[in-house]
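To start, the structure under review is shown below, and the notes come after it.
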Amino acid sequence: MSWWRETLKGSMENFSTMSKSAVKISLDLLSNPLCEQDQDFLNMVTALDTAMKRMDAFNQEKVNQIQKTVIEPLKKFGSVFPSLNMAVKRREQALQDYRRLQAKVEKYEEKEKTGPVLAKLHQAREELRPVRDDFEAKNKQLLDEMPRFYNSRLDYFQPSFESLIRAQVVYYSEMHKIFGDLTQQLDQPGHPDEQREQENEAKLSELRALSIVADD
């Protein structure tokens, strides 16, 4: 269970890192000298920066929601296992004590029924009784509760899984809207893809000509 929780946390951290990196890139572009020289380029980068900040804010909201509705319930569920394991260990210890005293009783039952042997047999049976009762109680508890615990896991996790799915649907729907809006802002009517590529290459050549990116 812990591996699944850690995998989900790692995935959320990757999303957060990617969105913050995108915000940093847009901020770096805004500080580029080309933004001072070309108003159209400034408008494009400003639109990109706004979109990246929206994406980052929504991503953080998604991370917080998953932390609350999925990660924390998983953590709470995992905290049950130490107590469950302890109950199993107590049952195993009670079984060992029961078998040890049962073997002692059987040993005296096989001996000749002399006075001392009968006395020891009676004493062994008296020692066995509470130990047997203790084992049977612990064993019955596990037999009753383990299936209920196992079967209840689906009811416990179903709301978390539903919340995770809803969060993913809302997130990607919002991302589609953010980048759809960005595409509309950046789209220039009458500019075929080939012309856009030529314009992008020209901008890239200007960036390469800057001293800060020149080869040593």
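FYI, residue positions are counted from 1 along the chain as it appears here.
From the backbone N, Cα and C atoms, a Cβ is placed for every residue, glycine too.
According to TrEMBL, the protein carries these features:
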- 1-195: domain 'BAR' (DOMAIN)
- 84-111: coiled coil (COILED)
- 184-203: region 'Disordered' (REGION)
- 190-203: compositional bias 'Basic and acidic residues' (COMPBIAS)
In the same chain, which residue numbers or ranges, 6 or more beyond the ends of the coiled coil (84-111), come under 8 angstroms Cβ to Cβ?
117, 120-121, 124-125, 127-128, 131-132, 134-135, 138-139, 141-142, 149
On average, what pLDDT score does this prediction assign to the domain 'BAR' (1-195)?
81
